[in-house]
Amino acid sequence: MMQSLKYWLAEHPSIVNFRWSHTQSFGSTWSFLFAAIAVYIVAVITLHSFLSLILSKSRRIPLGPIPAIHSLCVSLISAVIFVGILYSAAAEIRDTRWFWRRTKTISTPFQWFLCFPLGTRPSGRVFFWSYVFYLSRFLHLFRTFFTILRHRKLTFFHLFNQSILLWMSFLWLEFSQSFQVLAILLATLLYSVVYGYRFWTAIGLPSACFPFVVNCQVVLLACNLISHFGVIFLHFLKGGCNGMRAWGFNSVLNGVILILFLNFYVKMHLRKKNVEDIDGNSNSSSSSSSSSSSSSSAHGCSRSDIKFE
């Protein structure tokens, strides 16, 4: 069973012989990337503006099981990419150790996860899964439309974040950027958990008593930030990592995403604190509300936590 899984995820000829090519790989041209992002932004803004004109903000458009199915698909695809690139990374490390000794830029598998040797080309197993990850980013874009249809919400952070993540996954392939294997492993692990949780709650099962999705995003951003310092260290210590110009550009974009996310995170906690203060005042003025609050605390959940999740 394990051998069969390894073959289909890491040793199949179409995976081993993969090559990122502008003429053979779907969505591999700059014109396609710019057009896709432009169409996404225009479609999202148009839909949001149109619904704001014809419907009240409180009215939701029922989508049935579509969001749940979408979350399940993203979770399963992310899990497959995670396992596939993990097997592929192990195979690439096994097959390219001889190249490390020639370049003298890296000496351990962990260093390879952070720093590709100079001259690395976008071909082979890990770049196949990087390409699948790039294509899967288009599936993530549908969540923006679900949010607009159900909640009539469109934030600059969400629009910017989705567009930039698509852009960055393209740059990973185009410039054989270092750090992408570890970044994909971290991202797909988080997506499989987060979208699995979203599917769990979408079918009516109980949600967490804390902002689960936001906390997972904090963990991912923290891991990426720490890993970036590792890339810089290896780049200057070992004589250079491949694709560092693209890495520098992506680092700036990641920094912008981090600032926007921290701004959102701080606002969320301030809003949560205000809600808790209001609840505390109302609880002190009425014994019935105090009893309700005690019952909620006994189950480990507060209304503000559930609201934000």
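Note: Cβ is positioned from N, Cα and C throughout, glycine not excepted.
Just so you know, TrEMBL annotations never went through curation; they're auto-generated.
As written in TrEMBL, here are the features:
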TRANSMEM  30-56  transmembrane segment
TRANSMEM  68-90  transmembrane segment
TRANSMEM  126-142  transmembrane segment
TRANSMEM  154-173  transmembrane segment
TRANSMEM  179-200  transmembrane segment
TRANSMEM  212-234  transmembrane segment
TRANSMEM  246-266  transmembrane segment
REGION    277-309  region 'Disordered'
COMPBIAS  281-297  compositional bias 'Low complexity'
Beyond the flanks of the transmembrane segment (126-142) by at least 6 residues, Cβ under 8 Å: 14-15, 18-20, 25-27, 36, 40, 70, 73-74, 77-78, 81, 84-85, 88-89, 92, 162, 165-166, 169-170, 172-173, 176, 180-181, 184, 187-188
Interface-richest range of 68-90, 154-173, 212-234, 246-266 toward the transmembrane segment (179-200), CB pairs under 8 Å: 68-90
Recorded stretch that, among 30-56, 68-90, 212-234, 246-266, has the most CB pairs under 8 Å to the transmembrane segment (154-173): 246-266
Chain residues outside the transmembrane segment (246-266) and at least six past its termini with a C-beta under 8 angstroms from it: 156-157, 160-161, 164, 167-168, 171-172, 174-175, 177-179, 214, 217-218, 221, 224-225, 228, 231
